[in-house]
Amino acid sequence: MPVVFINIHEVRRLCHWGPVIALTVIAVCSSMAILDSIIWYWPLDTTGGSFNFIMLINWSVLILYNYFNAMFVGPGYIPLGWKPEEDTKYLQFCRMCQGYKAPRSHHCRKCNRCVMKMDHHCPWINNCCGHQNHAYFTSFLLLAPLGCSHAAFIFIMTMYTQLYERISFGWSTVKIDMSAVRRFQPIMPFSVPAFAATLFALGLALGTTIAVGMLFFIQMKVILRNKTSVEAWIEEKAKDRIQYYQTGEEFIFPYDLGRRWENFKQVFTWSGSPEGDGIQWPIHAKCHQHTLTIEQLKQKADKRVRSIQYRVVEDYNGACCPLSKGFNTFFRTPCTEEPRIGLHKGETILATRGTKWWMYGDKVLDDEQTKAGARLRGWFPRRCVEKCHYDTAVTSAMTSETSSEEKKVK
């Protein structure tokens with residue numbers, strides 16, 4: 001699937017710290033590897049030098065091809081106002097998109113759309129990883145470490161060959177045959193700045209190899225089970241819910257086809273386009289299309305029941321690292337792109353999770369804001385709130401919402 005700009009505003013995705021850093025690392029490693037390969041192993045004199053240079057260019061082209069496809073092809077979005085012909089009672093309604101969420105789709109606060117088979121929102125491509133670009137994104141995660149490993153090898157060999165005659169390392173037993181690469185004089189001198197730039201690029205290449213390589217293995221782990229990162233978390237919560245309430249249910253993940261190769265082919269195809277339309281999915285024999293969405297509704301109802309009501313006792317402006325809220329609050333801010341919400345004294349919060357110094361929850365809004373589809377949720381300092389006593393109004397509202405969700409499930 002080629003990169004197509006449906007809207008020129010898509011180019012603005014490049015104007016973000018994630019793509020800026022990612023493309024800078026690619027540019028530095030690629031350009032330094034090309035320059036160092038010319039110094040170390042002139043590509044026009046030997047077959048090995050030519051092969052080395054061609055492979056280096058090949059890595060750069062493939063990395064950029066998959067990177068830009070992952071960014072601009074996008075994950076695929078559920079149409080605004082989408083409604084299935086039947087079975088709406090098993091689906092969640094998205095107030096922001098004014099439509100139902102198809103199975104495996106989730107609303108992304110960054111993209112402000114419901115994303116098909118959403119895995120996560122990646123800041124490095126400034127877009128979501130989902131149904132249509134999952135293969136491109138994973139291919140990029142594979143190719144980047146391979147290309148950086150090749151570049152790191154070039155950096156190491158360049159420094160070795162250039163410093164071999166100048167500095168005695170005391171390596172009397174370490175000898176590498178340099179006859180093939182010494183048939184010519186380098187057209188560029190290997191000066192101190194060149195050495196510093198090569199050393200810096202080596203650090204970038206090794207760091208990228210380790211970090212991105214780990215992300216690749218994490219992605220392949222879920223792909224071979226035909227899951228996404230979000231669905232792996234839903235499955236874990238399903239097991240916790242069943243164990244907590246001792247319901248005796250057996251939760252079977254519906255999209256695992258049983259064989260890794262079959263799961264693999266759901267993402268990677270020869271055509272480059274993934275299997276399916278992003279709405280209907282092949283499923284396990286013991287499940288149906290809405291097995292996972294029903295579990296999500298149960299978890300949503302359980303979340304409301306188990307949320308704790310807090311009252312705001314101290315104003316908070318929504319800063320990521322508020323120094324005025326204490327040393328520990330400042331340095332132990334959650335390392336996540338989830339938003340912070342501003343607080344004012346007297347407001348009510350329904351907290352669902354938290355750490356020792358921070359909490360995450362939904363702000364209780366008035367009727368007009370709720371009808372308009374507004375929702376404010378995010379992190380806030382724990383010191384800004386205190387636990388409420390039993391509140392009949394809020395609890396009854398929660399109970400009614402929970403009952404309606406349970407009726408949907410039944």
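Every residue gets a Cβ built from N, Cα and C, even glycine.
Annotated in TrEMBL:
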{"type": "TRANSMEM", "residues": "20-42", "note": "transmembrane segment"}
{"type": "TRANSMEM", "residues": "48-68", "note": "transmembrane segment"}
{"type": "DOMAIN", "residues": "89-234", "note": "domain 'Palmitoyltransferase DHHC'"}
{"type": "TRANSMEM", "residues": "140-160", "note": "transmembrane segment"}
{"type": "TRANSMEM", "residues": "194-218", "note": "transmembrane segment"}
{"type": "DOMAIN", "residues": "310-388", "note": "domain 'SH3'"}
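For the domain 'SH3' (310-388), the DSSP counts in helix, strand and coil order read 16 helix, 27 strand, 36 coil.
Across the domain 'Palmitoyltransferase DHHC' (89-234), DSSP assigns 71 helix, 16 strand, 59 coil. Looking just at the domain 'SH3' (310-388), the mean pLDDT is 90.
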